[in-house]
Structure formats: C-alpha cells, structure tokens
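What TrEMBL records for ASN13, ASN66, GLY76, ASN77, ASN181, GLU199, ARG200, GLY210, THR211 is substrate binding site. Per TrEMBL, active site, proton donor is recorded for CYS75. Residues or ranges marked as active site in TrEMBL: CYS75. For CYS209, the entry in TrEMBL reads active site, proton acceptor.
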Amino acid sequence: MNINFSKLTAAGNDFVLIDNRESVIAKEDCQSLAKKLCNRKHSIGADGLILLEKSACKDFKMKYFNSDGSYASMCGNGGRSIAKFAYDLGVANLKMVFETDAGVINAEILTEDRVRLDLYAPRDLKKDIKVKVNGKEFDVDFINTGVPHAVIFVDDIEKIDVFGYGRAIRSHKTFVPAGVNVNFVKVIKGNTLLVRTYERGVEDETLACGTGIIASGIISVLKGFAESPVKVIARGGDKLLVSLKNSNDKISNVVLEGPALITFKGTVKIQSEV
Ligand SMILES: N[C@@H](CCC[C@H](N)C(=O)O)C(=O)O
C-alpha cells in the first residue's frame with residue numbers, strides 16, 4: 001500500500017505526518033509503523049509519527065507516536081506541525097480547534113512558518129523532588145504539560161551530560177512506570193531560557209521539545225526566575241515563546257508560539273506485514 005506523507009520540522013523536532021481520516025492505518029499497526037517510518041537509516045526518519053484523524057466535534061484529532069513506537073498523549077512541536085499540515089491539506093482554516101488525548105487545543109497559523117497554540121491547563125505539579133543519579137543529586141520540579149516533564153536548572157548548560165543524566169532520571173524510580181522527559185534549563189538575561197531536553201520515546205536529546213519548553217517556562221515563572229511571556233531558545237537555536245497566567249501555582253492560559261515548516265512531501269510504500 002502506498003501512503004502519502006508530509007515531513008515537518010518544528011524547531012528541529014521532526015515528524016512524519018499522515019492524513020488518517022479514512023483510517024488507512026489501523027489502530028493496531030500505528031506503533032510498528034511509527035518505528036519503521038521514523039528510522040533515519042532505513043526509512044524517512046523522524047522523532048515521531050503524527051496521524052491526523054477525524055473528530056466528532058472539533059476540526060480533527062491528533063494521534064502521536066514516538067520514534068520508538070510508544071504512544072504519547074501530546075507533543076507541543078507536533079501540535080504546531082499538525083496545525084500547519086491541516087491548513088495545508090485544507091482540513092482547517094488559519095484558526096482551528098483540535099483534540100488530543102491531553103486536551104483540546106486552539107491553534108492559529110500566524111505566518112508562513114509560525115504557529116500559536118492555546119493549551120489546556122497543566123497538572124500534577126510537584127516541586128523540589130531530590131533525585132540522585134550517577135552519583136549526583138538533582139533538584140527536580142515535575143509537571144505534566146500533556147506528557148510528564150522533569151525540569152532541572154543548571155549553571156552550565158553546555159557541559160551538562162544531557163544524555164547520561166537525562167537517561168538515568170528518565171527511568172528513576174520516582175518516575176516509573178511512565179518515565180519522564182527531562183529538561184535542563186539555564187536562565188539567561190532578557191527573560192530568556194536555554195533548554196535542552198532528553199526525550200522519552202526518542203531516548204536521546206532532541207533539538208527541541210515543545211511540551212518541555214512549556215514545562216520549563218511554567219516552572220521558571222513559578223520560581224520567580226522569569227516572567228510571562230518567557231522567551232526560550234531551543235537546542236537547535238530556534239526561538240519560542242511561552243506565556244501563562246499564574247495564581248498561587250494554579251496555571252492557566254498557557255500559550256506556545258514557535259516555528260513549524262513543511263520540509264518535503266512524498267509517498268511511502270507500507271509492507272503488508274505492518
Ligand atoms: N517532542 C514532543 C513530546 C513528544 C512526547 C514525549 N517524547 C513523550 O513521550 O512524553 C514535544 O514537542 O512536546
């Protein structure tokens with residue numbers, strides 16, 4: 001079977017997007033297909049597979065799978081990408097509303113390559129958790145911004161071993177069984193954060209993680225390190241903006257703004273055993 005796809009990048013977090021409104025991909029095949037299509041040596045290559053599906057009440061529904069095949073209820077960079085993809089397909093207007101398993105999102109295509117997402121409220125905030133890995137103790141703040149995130153402030157963002165510490169914290173007993181995405185954050189002048197993320201499901205550092213950037217922005221505001229709107233520079237150098245309202249640690253009006261671009265389109269042959 002031949003399937004049309006678009007490849008998008010959102011701050012260097014890259015995705016394969018497929019229009020699955022007619023259920024060409026069966027539910028039980030999604031995970032193995034994600035693994036295959038995201039493989040950078042043998043297929044298209046991406047951090048995740050995103051399916052655009054029919055929604056009963058909104059413009060469409062987003063389904064997200066990491067490159068290792070695991071399902072995730074949300075992806076911030078993927079959310080901007082699917083908005084761009086939906087507009088390009090003619091499924092949605094410049095302003096749209098879509099469903100994810102984390103909540104409903106209002107999106108707006110701002111320019112050729114910039115998208116704004118208005119998100120649901122985050123949950124499960126836990127501050128100042130002590131986590132010891134590889135002989136070092138970290139002060140971790142946890143928040144679920146659609147998927148689980150650990151946020152850690154560091155002095156030297158260039159030197160921190162994101163892969164080594166990120167991988168160990170991701171699977172630390174505090175965060176099992178779900179695991180956690182791990183964000184290392186440096187606050188710099190100009191109300192700006194530098195963020196590096198070890199992503200669960202990619203099992204490596206990615207060039208950006210949208211929900212991780214939101215988590216880092218929220219925690220920075222809660223700790224008084226920054227004010228909304230917070231500027232964020234992702235590992236790949238792209239600039240994003242996070243804004244929110246905070247009333248005694250009750251977070252609302254969360255907005256993520258950042259790039260999303262279609263890099264190419266193609267057709268991929270799916271083998272029957274998928
Ligand atoms: N890259 C995403 C997050 C994707 C899901 C994550 N890896 C998980 O499994 O929790 C983003 O931009 O938010």
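Every residue, even glycine, has its Cβ placed from backbone N, Cα and C.
Just so you know, TrEMBL annotations are computer predictions that nobody has curated.
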DSSP state at GLY76 (substrate binding site), helix/strand/coil: helix
Neighbour-count leader, CB within 10 A, active-site residues: CYS75, CYS209: CYS209
For THR211 (substrate binding site): DSSP state (helix, strand, coil): helix
Distance in Å spanning the most remote Cα pair of ASN13, ASN66, GLY76, ASN77, ASN181, GLU199, ARG200, GLY210, THR211, given for substrate: 15
Length of the line joining the Cα atoms of GLY76 (substrate binding site) and CYS209 (active site, proton acceptor), in Å: 7
